[in-house]
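Here the structure comes first, spelled out in structure tokens, and everything after it is commentary.
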């Protein structure tokens, strides 16, 4: 079966759920047809003219970007305005564009998780909390003969996670009663006769993001025509999502030595270090892209140094006054780390025999389009 834009949108939404995006953001399909067949995908942080030319040259069907192409509503698409002309050219060449922005920043194994892993942070926590996922208790009653099948369907699709333990359920055996009425097609029993069945009450915990999928798979696996189940909202705390990460490196080191390590690990052309002295570094906070808004938060959480991009002079000065070092590792370099991860994800989910996923060769750093003299 051919892969379509719709299939890939679904995969990206599974990896980076749209409900995690900031309310000002615009992730998802930007340009193109959902039913378009996709053979070649190009990954990039932005759709620039260079990326578009690369896509045309390589016969790309779909471009997946981190930054959305469209942030504000368009009143028209003409060739008179540079932005509109750009979109017109994408449509003309039948190249679709989808984006995953702040939802990809804060999702599990998203940009900041990957960045923290590369830097070598341990025991990480969210820097700036944005959302806390709701949890639900799912209870279903199953004939004993099918309890294992239904339990597997529930847990294999995301239910039953408590911390790092999966497939957590509680099971109680009992007697279920029911009377099939006219027009029913019961799996067990006869019309208008009270039936008593040995059943198992299976209960487990489900994250809100998995609830619909788990319920769907549970019903498909259940033998009954009418499935008896309950869903209860819980006050238990679910997974916390937010911008940035804070954690510790394995061994305390000097700031300048640590900055060199960051530069090497991220393959930066250059970085900026803001500090009055070569302080010791152990506790590290970071936020991919433009994260200077969280400098104070990093300080409050006792970070020795904060890594981000696009740091302005007054923001660096504020950090210096607080007594916390800052490393500006560039907007681009702190975000490009996600591209190989998404490439691997799509290849594993779809298969390299069905799709060719490329990473754009136009890896602009923060200096572009400037010339350093």
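From the backbone N, Cα and C atoms, a Cβ is placed for every residue, glycine too.
Curation plays no part in TrEMBL annotations; they are all automatic predictions.
Other Cβ atoms within 10 Å of the Cβ of residue 335 (divalent metal cation binding site) number 23 in total over all chains. Here TrEMBL flags 66, 67, 105, 331, 335 as divalent metal cation binding site.
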Of 66, 67 (the binding-site residues), the residue whose Cβ has the fewest other Cβ atoms within 10 Å: 67
Other CB atoms, at most 10 A from the CB of residue 105 (divalent metal cation binding site): 29
